[in-house]
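Student: Sharing a structure here in structure tokens format.
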Amino acid sequence: MIRILVSNDDGVNAPGIKALTEALTEIATVLTVGPDRNCSGASNSLTLTNPLRINRLDNGYISVHGTPTDCVHLAIRELYDGEPDMVVSGINAGANMGDDTLYSGTVAAAMEGRFLGFPAVAISLNGRKFEHYQSAAVYARRIVQGLLAQPLAKDQILNVNVPDLPLDQIKGIKVTRLGARHKAEGIVRTQDPAGREIFWLGPPGQEQDATEGTDFHAIANGYVSITPLTVDLTAYGQLTALQNWVDKI
């Protein structure tokens with residue numbers, strides 16, 4: 001039977017990972033390994049200065065005192081008896097579109113699976129109330145089944161964003177590119193109860209590029225967005241111009 005590793009960045013007890021695990025258990029043997037706390041914004045960070053501690057939970061999940069990337073790396077390298085056929089990360093409580101992907105622990109967990117040689121998908125639910133995890137779970141299962149039936153190129157990650165809508169209100173799937181946000185809003189300066197100065201990072205910026213063809217546009221119009229991401233960050237279109245610049249300095 002197909003074997004799928006499920007992880008996330010919201011934590012192993014988050015509702016999204018539960019909905020995803022249950023949906024994929026219908027088609028595969030699932031191992032669920034997630035952080036023991038919310039690690040949103042962890043990106044691709046690894047824990048290198050402390051040991052990783054795990055806890056095997058009563059529901060069969062494994063919690064890790066580490067980052068999403070730690071979870072996937074540890075699961076594949078040590079916790080799995082053999083190897084998974086695929087890595088699926090999510091369902092994230094919140095969008096991972098445009099610039100979000102660089103900060104996202106959800107995308108990073110999928111990326112680690114891709115680094116280690118496995119097909120990988122990141123699933124996120126875009127909304128404010130996060131009421132329709134089941135809608136995202138249905139699309140996650142559909143996409144995973146599609147990948148199993150017709151595998152895609154091995155150098156890509158599928159970044160999937162689902163609008164927080166009832167299933168019958170979602171219009172379908174759009175293949176998209178990443179949009180872009182304006183820079184994040186300002187830092188919030190305040191004090192703790194002892195009067196010491198503390199700071200909170202402001203919320204992400206509003207959409208800057210949400211034109212047709214972007215993930216932002218698809219979600220705003222009631223579609224699921226699928227964006228292929230690559231691990232290779234090289235700006236190939238700039239290589240010649242950069243070489244010409246280097247030759248002159």
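Cβ coordinates come from backbone N, Cα and C, glycine included.
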Student: In Swiss-Prot, D9, D10, S40 are given as binding divalent metal cation, so which of N50, N55, N59, N92 is in that site too?
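Tutor: Candidate listed by Swiss-Prot for the same site: N92.
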Student: Here are some binding-site residues: D9, D10. Which one has the most Cβ atoms within 10 Å of its Cβ?
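Tutor: When each Cβ's neighbours within 10 Å are tallied, D9 leads.
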Student: Which has the fewest other Cβ atoms within 10 Å: S40, N92, the binding-site residues listed?
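Tutor: Looking at the binding-site residues S40, N92, the Cβ with the fewest others within 10 Å is that of S40.
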Student: Which chain neighbours of the divalent metal cation site, leaving out D9, D10, S40, N92, have a Cβ atom within 8 Å of the mean position of the site's Cβ atoms?
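Tutor: The surrounding set, listed in chain order, is N8, G11, A14, G16, N38, C39, P68, A93, G94, S104, G105, T106.
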Student: Should S40 (divalent metal cation binding site) be counted as helix, strand, or coil on the basis of DSSP?
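Tutor: Going by the DSSP assignment, S40 (divalent metal cation binding site) belongs to neither helix nor strand, so it counts as coil.
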